[in-house]
Structure formats: C-alpha cells, structure tokens
C-alpha cells in the first residue's frame with residue numbers, strides 16, 4: 001500500500017493493518033512522500049485515532065531504520081523516558097533518575113532529544129552539564145558498559161526522521177511521532193519506564209511493547225498530568241510483566257514519601273534544570289532541591305524494578321533513595337561528563 005491508498009482508507013475511518021502501516025512508514029522514512037502527504041497522513045491518523053496494530057507497524061520500521069547500539073547483554077538494561085508534552089515545565093526528572101539507577105547498579109540506555117514544547121529536553125540538559133552528545137553507537141555502548149549510563153541522541157540514531165521534521169514542525173500538534181520516540185530505543189532495551197501525556201495511552205502502549213518483545217515495562221501517567229511518577233497525585237500504571245499487562249495506581253504515601261505540590265520544581269532553561277538536579281543529587285541545600293530529590297527517587301525506584309534489580313516498587317524506591325543520598329548518583333553524572341570528554345576530543349580529530 002502507498003501513502004495515497006492509506007489516506008483514502010483513513011478519511012473513510014478505516015484502520016490499517018500492521019503490514020500496511022509498515023509499507024507507508026517506509027515510504028515516509030525513505031523520502032518518497034511529499035510534506036503535504038505526510039502532514040495529511042499524520043492528521044488523519046490522529047483524527048481517526050491510532051490502533052495498536054498501526055503503532056506496532058510504525059515502531060517496527062523506525063527500529064529497522066535506526067542506527068542501533070549493540071550491547072553485550074540487555075539484562076538489567078533499562079530506559080527511563082517520556083513522551084513529553086505534559087506542559088508542566090518541571091526539571092528533567094527522567095535524566096536525573098538515570099544517574100540514580102546507574103549508581104544503584106543498573107545500566108541505563110537513555111534515549112532522548114532536544115525540547116520540542118518544553119523548556120528543557122534531555123539532550124539540552126545533558127549538553128548544559130558538559131556531556132558530549134554526538135557519540136557513535138560504539139561509544140554509547142562503552143559509556144553504558146563502563147559508566148552505567150549512556151545517552152542516545154535521537155537525531156543521531158534516527159536520521160530518517162528528517163523526512164517528517166518539516167510537516168511535524170508546521171503542524172505544531174501532537175502526532176503519531178510523539179508516541180514513537182519512547183518506543184524506538186536504538187539499543188532495543190526490553191526494560192523501560194515510559195511516561196505518557198494521557199492515561200488513555202498507558203495500556204495500549206504497554207500492549208504495543210508486549211507485541212514488540214519487551215519483558216518488563218511500566219507505562220505511566222500521573223493524575224496531575226505528568227508523564228512520570230508524581231509527588232502530588234496518584235500515578236496510573238500499565239505494567240507489562242511475565243507476558244501480561246495489568247493496571248493499577250500508586251501514591252507517594254505507599255512508599256513512605258510525603259505527598260506534596262510540585263511548586264518550585266518548574267524551570268525555564270536547561271541551566272536552571274541542571275542547577276536544581278545538582279542540588280538534588282548533591283547536598284540538597286534548598287527546599288526545592290530536597291523536593292526534587294524525592295521526585296527523582298520516586299521515578300528511579302520504578303526503573304530499578306522494571307530492570308528486575310528490585311522485586312517490588314517499594315524495594316526499588318529504597319534502593320534509589322540509598323543511591324541518591326550516598327552521593328553516588330552525583331558522581332555518576334560527573335563520571336559521564338569526563339568519559340564523554342575523551343570522545344569529544346577523539347571525534348574532533
């Protein structure tokens with residue numbers, strides 16, 4: 001099926017099969033479609049509402065065309081990632097949580113990009129910290145193996161995305177591609193915490209990842225709108241484990257964490273996000289730093305559980321608390337800065 005045939009189906013509110021979606025995505029991602037066709041396709045899909053089959057097909061093609069990162073093992077390797085678009089503009093929680101996970105003994109294959117609608121994307125934050133982003137796949141793999149955390153810059157590993165960049169920018173609306181980023185980790189991780197911008201996506205995306213071979217995944221959305229675990233409200237979870245998806249909710253109090261507002265955690269730049277994270281991972285001299293530390297732990301703990309390094313969310317959160325409060329997480333951030341600095345010099349030659 002070509003994109004014109006797909007458009008004809010979509011305007012008649014007919015779904016595509018996984019194979020049909022793969023065919024259309026290959027055309028888009030190899031430069032065979034015009035911007036008008038891509039824009040019409042994305043809006044048509046959104047108006048119709050994307051099915052699990054369609055998302056599976058789109059993800060499969062993006063993974064196929066990605067510049068992958070080969071790791072010696074995927075056991076205990078996890079990604080902590082969100083779709084973004086929650087409008088909260090709080091600091092980069094998932095990036096900070098990644099250093100805590102690494103400090104607790106996990107391996108983090110972090111996939112991310114620059115900010116689209118927010119004030120600070122994961123790439124923006126890490127760049128502000130002095131971490132070199134333009135790494136080859138082999139260099140990323142060494143970071144993960146040696147430091148315990150490595151960052152895969154989406155625009156480096158998903159070069160075919162350039163064909164959809166123009167239409168996405170001109171539309172200025174959430175489209176299918178907002179869902180695809182967290183599902184297309186270049187290292188092929190099978191353990192993830194995926195934050196989404198609406199609760200309605202939790203179970204469908206867990207089912208998508210089940211179809212694509214994931215092993216232990218938490219797809220989450222908090223009641224206050226965050227695409228991650230929150231301190232201020234209950235968080236809805238669709239958990240994929242042992243081949244089954246189940247849904248439930250948790251609150252901070254379930255883990256001995258005080259429920260509190262997110263006031264003071266908003267940032268207006270990557271530098272502001274970095275300063276808050278350094279305080280949270282360091283001596284926590286400010287009230288905001290103390291609160292940020294709690295939120296980081298609330299998100300790092302589930303990642304340790306998803307990585308099967310903890311037998312429960314409660315145990316994962318305790319491990320994360322210990323890793324943060326010993327200062328090891330801050331050391332991991334500094335270690336990644338130093339480790340990637342060597343590659344900055346190598347790649348400049």
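Cβ coordinates are placed from backbone N, Cα and C, and glycine is handled just like the others.
A quick note: this is a predicted structure, and the numbers were derived from the prediction, not measured.
Features reported for this protein in Swiss-Prot:
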BINDING   82, 85-86, 92-95, 110-118, 122  5-phospho-alpha-D-ribose 1-diphosphate binding site
BINDING   82, 113  anthranilate 1 binding site
BINDING   94, 228  Mg(2+) 1 binding site
BINDING   168  anthranilate 2 binding site
BINDING   227, 228  Mg(2+) 2 binding site
Between the residue listed as 'anthranilate 2 binding site' and residue 94 (Mg(2+) 1 binding site): CA-CA distance (Å): 24
So if I measure Cβ to Cβ from residue 92 (5-phospho-alpha-D-ribose 1-diphosphate binding site) and keep only same-chain residues at least 6 apart in sequence, which ones fall under 8 Å? 120, 121, 122, 125, 273, 277
Would you mind listing, in sequence order, the residues at least six apart from residue 113 (anthranilate 1 binding site) in the same chain with a Cβ closer than 8 Å to its Cβ? 121, 122, 123, 153, 154, 155, 181
Which residues does residue 95 (5-phospho-alpha-D-ribose 1-diphosphate binding site) neighbour through Cβ under 8 Å, counting only same-chain ones at least six apart? 110, 112, 122, 125, 126, 277
Measuring Cα to Cα, how many angstrom lie between the residue listed as 'anthranilate 2 binding site' and residue 228 (Mg(2+) 1 binding site)? 24
Which state, by DSSP, holds residue 94 (Mg(2+) 1 binding site): helix, strand or coil? helix
Can you tell me how far the Cα of residue 227 (Mg(2+) 2 binding site) sits from the Cα of residue 82 (5-phospho-alpha-D-ribose 1-diphosphate binding site), in Å? 6
Does anything in the same chain, at least 6 positions from residue 82 (5-phospho-alpha-D-ribose 1-diphosphate binding site), have a Cβ under 8 Å from its Cβ, and if so what? 94, 182, 194, 195, 196, 227, 228
For the residue listed as 'anthranilate 2 binding site', which DSSP three-state class applies? helix
